[in-house]
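Pulled from TrEMBL:
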- 1-20: signal peptide (SIGNAL)
- 225-236: domain 'Tyrosinase copper-binding' (DOMAIN)
Amino acid sequence: MQFLLLSIISLLGFLSFATAAPLQRQSNTCTSRRAWHTFSPAEKRAYLTAEQCLMKLPGTVPTAQTRFDDLLACHQVQADSVHGTGWFLPFHRLLISAHERLLRQECGYTGTQPYWDEERDAGKFSSSEVFDEEIGFGGGSGGCIKDGPFKDYLHNGPGYDNTEHCIARQISDEISQQSSTEDVNKCLRLDTFEQAWPCIELRPHYGGHGGVGGDMSDGISSPGDPLFYLHHTFLDRVWWRWQMENKNQRSYDISGYTSKTMPESGWVTATLQDELNMFGIVPNATVAEVMDLDGPYCVEYI
């Protein structure tokens, strides 16, 4: 709890200047995000090297030691308002975009943010190539990872704490079944955001986090495992697929509340005008600005 209290006090200082500004499309060519298993060995190494770069650059957010931990801190402090709420999908879309932006602008990465095709590996996470020890994220047989490029990295957590600890995993093939095509399709068949968002959060979202286990099963500090970004890019693709099924109706469909528990002032409904706070890491954005991937962020999935 010490980390949470200190972070909230410190991060509130960013609110005066980290306000949302009108966003312009970042380039004339949309970024095409691809599945990790389609990356060549050279592309995989380039991504992993850029991630290691973020883990070495100094952080800018109070209590964060590295740029990688900047993003983790942003997630930790806001965990209660971006899970089980209407902000769940928009916030995480912005967070993975921020991660991709830091890789490109600060670490010279020229590739794209990959996603883990968890439908392909559902029920058999333990044999997934994402855990390759040389051109992957290292293993996950239990406890601290013992191989791969991130085996010695120490990050903040667990939960709201800022105690440095290793990246830990405990893979569960059984839990990973919830990322199956069958479960994803159940969400894709739903008609409204009010129905689809909880389905995505409860099924494939849990399938990835619980399937990897360890740090990924900690809903507050899970961005401490770099697999977090491949997992949430997979979820963002699921949401994008749902939106594309009826683009005119679904691109700006939003619902839900802005907190999991009712504030003293009463429930607050999520709207397109709500501001998503990135605490100075990248510019803030409104929910509306991240809803349509043909908009300022210009992303397509293949």
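Each residue, glycine too, has its Cβ placed from N, Cα and C.
Curation plays no part in TrEMBL annotations; they are all automatic predictions.
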Helix, strand and coil residues within the domain 'Tyrosinase copper-binding' (225-236) as assigned by DSSP: 10 helix, 0 strand, 2 coil
Model confidence over the domain 'Tyrosinase copper-binding' (225-236) (mean pLDDT, whole number): 99
